[in-house]
Amino acid sequence: MAAEGWIWRWGWGRRCLGRPGLLGPGPGPTTPLFLLLLLGSVTADITDGNSEHLKREHSLIKPYQGVGSSSMPLWDFQGSTMLTSQYVRLTPDERSKEGSIWNHQPCFLKDWEMHVHFKVHGTGKKNLHGDGIALWYTRDRLVPGPVFGSKDNFHGLAIFLDTYPNDETTERVFPYISVMVNNGSLSYDHSKDGRWTELAGCTADFRNRDHDTFLAVRYSRGRLTVMTDLEDKNEWKNCIDITGVRLPTGYYFGASAGTGDLSDNHDIISMKLFQLMVEHTPDEESIDWTKIEPSVNFLKSPKDNVDDPTGNFRSGPLTGWRVFLLLLCALLGIVVCAVVGAVVFQKRQERNKRFY
(Lines of atoms letter the chains of each structure in order from A and count residues from 1; the text may use other names and numbers.)
(Lines give C-alpha, C1' and ligand atoms only; values in the text may rest on other atoms or scores of the structure.)
Protein backbone atom coordinates (compact mmCIF):
# COMPACT_ATOMS: atom_id res chain seq x y z
CA MET A 1 0.00 0.00 0.00
CA ALA A 2 0.98 3.64 -0.17
CA ALA A 3 3.28 5.26 2.35
CA GLU A 4 1.93 6.18 5.73
CA GLY A 5 0.99 9.77 6.33
CA TRP A 6 -1.91 12.11 6.69
CA ILE A 7 -3.26 13.45 3.44
CA TRP A 8 -5.88 16.15 3.83
CA ARG A 9 -7.96 16.91 0.77
CA TRP A 10 -11.62 17.91 0.68
CA GLY A 11 -11.99 16.86 4.31
CA TRP A 12 -10.72 13.34 3.63
CA GLY A 13 -7.83 11.45 5.14
CA ARG A 14 -6.37 7.99 4.78
CA ARG A 15 -3.59 6.37 6.76
CA CYS A 16 -1.95 3.44 5.01
CA LEU A 17 0.42 1.39 7.06
CA GLY A 18 2.88 -1.39 6.57
CA ARG A 19 5.65 -0.46 4.11
CA PRO A 20 9.14 -1.21 5.41
CA GLY A 21 11.14 1.72 6.71
CA LEU A 22 8.10 3.90 7.42
CA LEU A 23 6.73 5.14 10.70
CA GLY A 24 3.72 3.38 12.07
CA PRO A 25 2.79 0.22 13.89
CA GLY A 26 2.59 -1.99 10.81
CA PRO A 27 -0.29 -3.23 8.68
CA GLY A 28 -3.73 -2.15 9.74
CA PRO A 29 -7.16 -1.21 8.37
CA THR A 30 -8.02 2.29 7.20
CA THR A 31 -10.81 3.73 9.30
CA PRO A 32 -12.61 7.06 9.86
CA LEU A 33 -12.85 9.39 12.82
CA PHE A 34 -14.09 12.97 13.08
CA LEU A 35 -11.44 15.46 14.21
CA LEU A 36 -12.67 18.72 15.67
CA LEU A 37 -9.34 20.47 15.66
CA LEU A 38 -6.59 20.35 13.06
CA LEU A 39 -3.45 22.35 13.95
CA GLY A 40 -5.45 24.03 16.67
CA SER A 41 -8.23 25.68 14.68
CA VAL A 42 -9.60 23.76 11.70
CA THR A 43 -12.91 21.93 12.04
CA ALA A 44 -13.73 19.24 9.47
CA ASP A 45 -15.13 15.76 8.88
CA ILE A 46 -11.93 13.76 8.56
CA THR A 47 -11.19 10.05 8.72
CA ASP A 48 -8.19 8.61 10.52
CA GLY A 49 -6.63 5.26 11.32
CA ASN A 50 -8.73 4.39 14.38
CA SER A 51 -10.64 1.16 13.78
CA GLU A 52 -13.52 1.68 16.19
CA HIS A 53 -15.94 2.74 13.43
CA LEU A 54 -15.11 -0.05 11.00
CA LYS A 55 -18.29 -2.07 10.43
CA ARG A 56 -16.98 -5.59 10.00
CA GLU A 57 -20.39 -7.03 9.18
CA HIS A 58 -20.31 -4.96 5.96
CA SER A 59 -16.58 -5.31 5.22
CA LEU A 60 -14.51 -7.72 3.15
CA ILE A 61 -11.01 -7.97 4.65
CA LYS A 62 -8.07 -10.34 4.42
CA PRO A 63 -7.47 -12.99 5.59
CA TYR A 64 -10.62 -14.21 3.88
CA GLN A 65 -12.63 -17.00 5.44
CA GLY A 66 -13.78 -19.81 3.19
CA VAL A 67 -10.85 -19.86 0.75
CA GLY A 68 -11.25 -22.86 -1.54
CA SER A 69 -15.02 -23.03 -1.05
CA SER A 70 -17.94 -21.49 -2.90
CA SER A 71 -19.01 -19.22 -0.04
CA MET A 72 -17.72 -17.19 2.88
CA PRO A 73 -19.26 -15.67 6.00
CA LEU A 74 -21.21 -12.45 5.39
CA TRP A 75 -20.71 -12.52 1.61
CA ASP A 76 -22.33 -14.42 -1.27
CA PHE A 77 -20.71 -15.14 -4.65
CA GLN A 78 -22.29 -15.48 -8.04
CA GLY A 79 -21.23 -16.40 -11.56
CA SER A 80 -17.51 -16.57 -12.33
CA THR A 81 -16.42 -15.16 -8.95
CA MET A 82 -13.46 -17.00 -7.42
CA LEU A 83 -12.06 -16.59 -3.89
CA THR A 84 -8.29 -16.86 -3.39
CA SER A 85 -6.09 -16.02 -0.42
CA GLN A 86 -5.05 -12.69 -2.01
CA TYR A 87 -8.13 -11.40 -3.83
CA VAL A 88 -11.70 -12.01 -4.91
CA ARG A 89 -11.68 -12.35 -8.69
CA LEU A 90 -15.03 -11.32 -10.16
CA THR A 91 -14.02 -12.31 -13.69
CA PRO A 92 -10.92 -13.89 -15.17
CA ASP A 93 -9.33 -12.47 -18.31
CA GLU A 94 -11.71 -14.48 -20.48
CA ARG A 95 -14.61 -13.60 -22.76
CA SER A 96 -18.28 -13.61 -21.75
CA LYS A 97 -17.83 -13.87 -17.98
CA GLU A 98 -19.93 -12.30 -15.23
CA GLY A 99 -19.37 -12.38 -11.51
CA SER A 100 -20.46 -10.59 -8.36
CA ILE A 101 -20.06 -10.57 -4.60
CA TRP A 102 -22.75 -9.31 -2.23
CA ASN A 103 -22.93 -8.60 1.48
CA HIS A 104 -25.44 -10.68 3.45
CA GLN A 105 -26.45 -7.86 5.76
CA PRO A 106 -28.57 -4.84 4.80
CA CYS A 107 -26.93 -1.57 5.87
CA PHE A 108 -28.93 0.69 8.17
CA LEU A 109 -26.32 3.43 8.53
CA LYS A 110 -27.47 6.90 7.47
CA ASP A 111 -23.92 8.16 6.96
CA TRP A 112 -21.14 5.92 5.74
CA GLU A 113 -17.86 5.69 3.88
CA MET A 114 -16.68 2.75 1.78
CA HIS A 115 -13.01 2.20 0.88
CA VAL A 116 -12.42 -0.24 -1.96
CA HIS A 117 -9.03 -1.76 -2.81
CA PHE A 118 -9.32 -3.14 -6.33
CA LYS A 119 -7.28 -4.16 -9.35
CA VAL A 120 -8.18 -4.29 -13.05
CA HIS A 121 -5.54 -5.89 -15.24
CA GLY A 122 -5.08 -8.06 -18.29
CA THR A 123 -3.18 -8.74 -21.49
CA GLY A 124 -5.34 -6.63 -23.79
CA LYS A 125 -3.77 -3.57 -25.37
CA LYS A 126 -5.33 -0.10 -25.64
CA ASN A 127 -9.11 -0.28 -26.16
CA LEU A 128 -8.91 -4.07 -26.47
CA HIS A 129 -10.09 -4.89 -22.96
CA GLY A 130 -13.28 -4.64 -20.97
CA ASP A 131 -15.68 -4.09 -19.54
CA GLY A 132 -15.12 -2.92 -15.96
CA ILE A 133 -16.36 -3.07 -12.36
CA ALA A 134 -19.57 -1.79 -10.76
CA LEU A 135 -19.90 -1.01 -7.06
CA TRP A 136 -23.45 -1.20 -5.73
CA TYR A 137 -25.64 -0.04 -2.88
CA THR A 138 -29.00 -1.44 -3.97
CA ARG A 139 -32.30 -2.90 -2.82
CA ASP A 140 -31.81 -6.19 -4.66
CA ARG A 141 -28.74 -8.40 -4.61
CA LEU A 142 -27.50 -11.49 -6.43
CA VAL A 143 -29.55 -10.69 -9.53
CA PRO A 144 -27.41 -11.18 -12.66
CA GLY A 145 -27.91 -8.86 -15.60
CA PRO A 146 -26.39 -6.82 -18.42
CA VAL A 147 -24.98 -3.94 -16.35
CA PHE A 148 -21.43 -5.04 -15.51
CA GLY A 149 -22.78 -8.43 -14.50
CA SER A 150 -25.76 -7.19 -12.48
CA LYS A 151 -29.38 -6.21 -13.10
CA ASP A 152 -30.64 -3.18 -15.00
CA ASN A 153 -33.42 -0.90 -13.69
CA PHE A 154 -32.03 -1.26 -10.18
CA HIS A 155 -33.04 0.66 -7.05
CA GLY A 156 -30.18 2.51 -5.38
CA LEU A 157 -26.65 3.69 -6.14
CA ALA A 158 -24.10 2.44 -8.66
CA ILE A 159 -20.51 3.53 -9.27
CA PHE A 160 -19.20 2.30 -12.62
CA LEU A 161 -15.49 1.83 -13.28
CA ASP A 162 -15.73 1.54 -17.06
CA THR A 163 -12.66 0.54 -19.08
CA TYR A 164 -14.05 0.37 -22.62
CA PRO A 165 -15.66 3.19 -24.69
CA ASN A 166 -18.63 1.69 -26.52
CA ASP A 167 -19.62 5.07 -27.94
CA GLU A 168 -17.16 5.78 -30.75
CA THR A 169 -18.18 9.45 -30.83
CA THR A 170 -17.32 10.08 -27.18
CA GLU A 171 -14.80 12.77 -26.25
CA ARG A 172 -14.11 11.16 -22.90
CA VAL A 173 -10.90 9.41 -22.00
CA PHE A 174 -11.22 5.89 -20.59
CA PRO A 175 -11.03 4.29 -18.05
CA TYR A 176 -13.87 6.40 -16.71
CA ILE A 177 -15.70 6.46 -13.36
CA SER A 178 -19.35 7.53 -13.25
CA VAL A 179 -22.25 7.58 -10.79
CA MET A 180 -25.90 6.68 -11.29
CA VAL A 181 -28.83 6.83 -8.85
CA ASN A 182 -31.93 4.90 -9.87
CA ASN A 183 -35.44 4.30 -8.54
CA GLY A 184 -36.01 1.43 -10.95
CA SER A 185 -37.30 3.60 -13.79
CA LEU A 186 -33.99 4.16 -15.61
CA SER A 187 -32.08 1.80 -17.87
CA TYR A 188 -28.31 1.88 -18.26
CA ASP A 189 -27.39 2.39 -21.94
CA HIS A 190 -24.18 0.50 -22.68
CA SER A 191 -24.02 1.85 -26.24
CA LYS A 192 -23.57 5.37 -24.81
CA ASP A 193 -21.52 4.25 -21.80
CA GLY A 194 -24.38 5.26 -19.50
CA ARG A 195 -24.08 8.93 -20.38
CA TRP A 196 -27.83 9.59 -20.48
CA THR A 197 -28.27 8.54 -16.84
CA GLU A 198 -24.92 9.61 -15.44
CA LEU A 199 -24.89 12.23 -12.68
CA ALA A 200 -21.18 13.01 -12.85
CA GLY A 201 -17.87 11.32 -13.53
CA CYS A 202 -14.15 11.59 -14.15
CA THR A 203 -11.33 10.00 -16.11
CA ALA A 204 -9.29 7.64 -13.90
CA ASP A 205 -6.28 5.67 -15.11
CA PHE A 206 -6.66 2.62 -12.88
CA ARG A 207 -6.04 -0.26 -15.31
CA ASN A 208 -2.78 -2.27 -15.36
CA ARG A 209 -1.11 -0.23 -12.62
CA ASP A 210 1.91 -1.82 -10.94
CA HIS A 211 0.82 -0.54 -7.52
CA ASP A 212 -2.32 -0.63 -5.39
CA THR A 213 -5.41 1.26 -6.54
CA PHE A 214 -8.14 2.55 -4.24
CA LEU A 215 -11.54 4.17 -4.49
CA ALA A 216 -13.51 5.79 -1.66
CA VAL A 217 -17.23 6.55 -1.61
CA ARG A 218 -18.71 8.77 1.08
CA TYR A 219 -22.42 9.41 1.63
CA SER A 220 -23.40 11.85 4.36
CA ARG A 221 -26.40 14.16 4.74
CA GLY A 222 -27.28 14.03 1.06
CA ARG A 223 -23.76 14.59 -0.21
CA LEU A 224 -22.12 11.90 -2.33
CA THR A 225 -18.36 12.09 -2.84
CA VAL A 226 -16.13 9.74 -4.81
CA MET A 227 -12.35 9.96 -4.60
CA THR A 228 -9.46 7.90 -5.92
CA ASP A 229 -5.89 7.05 -4.97
CA LEU A 230 -4.31 5.66 -8.14
CA GLU A 231 -0.83 7.20 -8.17
CA ASP A 232 0.74 5.43 -5.18
CA LYS A 233 1.01 8.80 -3.40
CA ASN A 234 -1.24 8.09 -0.41
CA GLU A 235 -3.36 11.01 -1.62
CA TRP A 236 -7.05 11.13 -2.35
CA LYS A 237 -7.95 12.85 -5.60
CA ASN A 238 -11.41 14.29 -6.10
CA CYS A 239 -13.51 12.61 -8.78
CA ILE A 240 -17.19 13.25 -8.03
CA ASP A 241 -18.96 15.54 -5.57
CA ILE A 242 -22.77 15.77 -5.71
CA THR A 243 -25.31 17.20 -3.28
CA GLY A 244 -29.03 16.54 -3.06
CA VAL A 245 -28.68 12.75 -3.17
CA ARG A 246 -31.30 10.75 -1.26
CA LEU A 247 -30.57 7.11 -0.46
CA PRO A 248 -32.56 4.87 1.87
CA THR A 249 -31.18 2.62 4.56
CA GLY A 250 -31.59 -1.14 4.42
CA TYR A 251 -29.91 -1.69 1.04
CA TYR A 252 -27.02 -4.04 0.25
CA PHE A 253 -23.42 -3.41 -0.75
CA GLY A 254 -21.91 -5.41 -3.57
CA ALA A 255 -19.50 -5.45 -6.49
CA SER A 256 -19.82 -7.01 -9.92
CA ALA A 257 -17.94 -7.19 -13.21
CA GLY A 258 -18.53 -8.43 -16.72
CA THR A 259 -16.63 -9.20 -19.90
CA GLY A 260 -17.87 -9.54 -23.46
CA ASP A 261 -15.84 -9.96 -26.62
CA LEU A 262 -13.06 -8.18 -24.70
CA SER A 263 -11.90 -9.14 -21.23
CA ASP A 264 -9.82 -8.35 -18.14
CA ASN A 265 -9.17 -9.68 -14.67
CA HIS A 266 -11.43 -7.77 -12.26
CA ASP A 267 -10.27 -8.20 -8.65
CA ILE A 268 -11.56 -6.91 -5.32
CA ILE A 269 -8.93 -7.03 -2.57
CA SER A 270 -10.96 -5.36 0.18
CA MET A 271 -14.17 -3.44 0.84
CA LYS A 272 -14.18 -1.59 4.16
CA LEU A 273 -17.27 0.20 5.41
CA PHE A 274 -17.00 2.88 8.08
CA GLN A 275 -19.74 4.54 10.08
CA LEU A 276 -19.60 8.34 10.03
CA MET A 277 -20.67 9.91 13.31
CA VAL A 278 -22.91 12.72 12.09
CA GLU A 279 -25.56 14.60 14.03
CA HIS A 280 -28.99 14.88 12.42
CA THR A 281 -31.83 17.26 13.21
CA PRO A 282 -34.90 15.96 15.08
CA ASP A 283 -36.87 16.18 11.83
CA GLU A 284 -34.29 14.05 10.04
CA GLU A 285 -34.25 11.53 12.86
CA SER A 286 -38.04 11.19 12.71
CA ILE A 287 -37.95 10.08 9.06
CA ASP A 288 -38.33 6.40 8.23
CA TRP A 289 -35.12 6.12 6.23
CA THR A 290 -36.06 2.68 4.91
CA LYS A 291 -38.97 4.25 2.99
CA ILE A 292 -36.92 6.90 1.17
CA GLU A 293 -36.93 6.57 -2.62
CA PRO A 294 -33.52 6.90 -4.31
CA SER A 295 -33.41 10.29 -6.00
CA VAL A 296 -31.33 13.38 -6.74
CA ASN A 297 -32.32 17.04 -6.69
CA PHE A 298 -30.90 18.28 -10.00
CA LEU A 299 -29.67 21.74 -10.88
CA LYS A 300 -29.58 20.45 -14.46
CA SER A 301 -30.57 17.27 -16.21
CA PRO A 302 -27.89 14.58 -16.39
CA LYS A 303 -28.48 14.64 -20.14
CA ASP A 304 -26.53 17.89 -20.15
CA ASN A 305 -23.48 15.65 -19.77
CA VAL A 306 -23.72 14.70 -23.45
CA ASP A 307 -21.27 17.30 -24.68
CA ASP A 308 -19.13 17.42 -21.57
CA PRO A 309 -16.18 15.01 -21.60
CA THR A 310 -15.58 15.51 -17.89
CA GLY A 311 -19.06 14.28 -17.03
CA ASN A 312 -19.41 16.84 -14.26
CA PHE A 313 -22.19 19.12 -15.42
CA ARG A 314 -21.92 21.35 -12.37
CA SER A 315 -18.34 22.40 -12.82
CA GLY A 316 -17.11 21.05 -16.16
CA PRO A 317 -15.49 23.22 -18.83
CA LEU A 318 -17.48 24.80 -21.64
CA THR A 319 -17.46 22.50 -24.64
CA GLY A 320 -19.47 21.67 -27.76
CA TRP A 321 -22.72 23.55 -28.15
CA ARG A 322 -22.04 25.62 -25.00
CA VAL A 323 -19.00 27.17 -26.69
CA PHE A 324 -21.03 27.71 -29.88
CA LEU A 325 -23.80 29.52 -27.99
CA LEU A 326 -21.27 31.65 -26.14
CA LEU A 327 -19.55 32.66 -29.38
CA LEU A 328 -22.90 33.32 -31.06
CA CYS A 329 -23.99 35.61 -28.23
CA ALA A 330 -20.66 37.43 -28.39
CA LEU A 331 -20.99 37.87 -32.16
CA LEU A 332 -24.55 39.18 -31.87
CA GLY A 333 -23.38 41.61 -29.20
CA ILE A 334 -20.64 42.90 -31.51
CA VAL A 335 -23.11 43.31 -34.40
CA VAL A 336 -25.58 45.21 -32.22
CA CYS A 337 -22.83 47.51 -30.95
CA ALA A 338 -21.63 48.12 -34.52
CA VAL A 339 -25.14 49.00 -35.75
CA VAL A 340 -25.80 51.33 -32.82
CA GLY A 341 -22.41 52.97 -33.34
CA ALA A 342 -23.09 53.48 -37.06
CA VAL A 343 -26.49 55.08 -36.37
CA VAL A 344 -25.03 57.43 -33.75
CA PHE A 345 -22.16 58.36 -36.07
CA GLN A 346 -24.56 59.11 -38.97
CA LYS A 347 -26.77 61.33 -36.81
CA ARG A 348 -23.76 63.28 -35.62
CA GLN A 349 -22.68 63.82 -39.23
CA GLU A 350 -26.14 65.11 -40.17
CA ARG A 351 -26.18 67.43 -37.14
CA ASN A 352 -22.77 68.86 -38.05
CA LYS A 353 -23.93 69.60 -41.63
CA ARG A 354 -26.66 71.95 -40.31
CA PHE A 355 -24.02 74.37 -39.01
CA TYR A 356 -22.51 74.94 -42.47
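Glycine is treated like the rest: Cβ placed from N, Cα and C.
The carbohydrate site recorded in Swiss-Prot includes Ser96, Asp131, Tyr164, Pro165, Asn166, Gly260, Asp261, Leu262, and the single candidate from His115, His190, His280 that the record places there is His190.
Among Asp140, Asp152, Asp189, Asp193, the residue that Swiss-Prot places alongside Asp162, Tyr164, Asn166 at the Ca(2+) binding site is Asp193. Disulfide pairing as given by Swiss-Prot: among Cys202, Cys329, Cys239 connects to Cys202. Looking just at the topological domain 'Lumenal' (45-322), the mean pLDDT is 89. A Cα-Cα distance of 13 Å separates Gly260 (carbohydrate binding site) from Asp162 (Ca(2+) binding site).
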